Amino acid sequence: MMSSTTIDVPAESSNVAKGKAVLVAAPRPGGWKKGIAIVDFVLRLGAVAAALGAATTMATADQTLPFFTQFFQFEASYDSFTTFQFFVITMALVGCYLVLSLPLSIVSIIRPHALGPKLFLIILDTVFLTLATASAASAAAVVYVAHNGNQDSNWLAICNQFGDFCAQTSGAVVSSLVAVVVFVLLIVMSALALGKH
């Protein structure tokens, strides 16, 4: 007679085949998200260089003509134009944001399926894209008038006299437009990664 506290378990013979468990889990689908996160990080590094390069180039744009009169000295500097001051400040802010967004981009590489960092980055990328586009467009308009003048308003082109100044400001505008294009790519890639979730 068996007591009520014991359980009878039949002994297995060594000849009975045992089922085998899978030790390695199947890879999660969506490994391409890690690739997008790596490209995102590299593009952010490029955008940092473009934005801070644009701000630095514009901030150092200064030229004084070698001739002057008794009362006037002819000088062109970025701080003579409020649009260029706005440009320097906003592109510096954009560059700082991009530097501060690099850790979140690294988190997206480590955890490619995490939604929080991607959503946060896409929202802030859109805000700073707007800021970068506004400053690049306004500076481009002033650079265009500096190169070509405006006959209707009797504004003369100043780039004939201030060639170095115009070259620096034009380079800064081109660099800022590169940053804008990179922002657009970042937003599209983030949207694709979020849309496939």
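Note that Cβ sites are derived from N, Cα and C of the backbone, with glycine treated the same way.
Taken from Swiss-Prot as is:
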- 1-34: topological domain 'Cytoplasmic' (TOPO_DOM)
- 56-85: topological domain 'Extracellular' (TOPO_DOM)
- 107-118: topological domain 'Cytoplasmic' (TOPO_DOM)
- 140-171: topological domain 'Extracellular' (TOPO_DOM)
- 193-197: topological domain 'Cytoplasmic' (TOPO_DOM)
- 35-55: transmembrane segment (TRANSMEM)
- 86-106: transmembrane segment (TRANSMEM)
- 119-139: transmembrane segment (TRANSMEM)
- 172-192: transmembrane segment (TRANSMEM)
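Sequence-distant contacts of the transmembrane segment (35-55) (same chain, six or more residues past either end, CB-CB distance under 8 Å): 87-88, 91-92, 94-95, 98-99, 101-102, 105-106, 108-109, 112, 121, 132, 172-173, 175-176, 178-179, 182-183, 185-186, 189-190, 192-193. Look at the topological domain 'Extracellular' (140-171): DSSP puts its residues at 18 helix, 2 strand, 12 coil.
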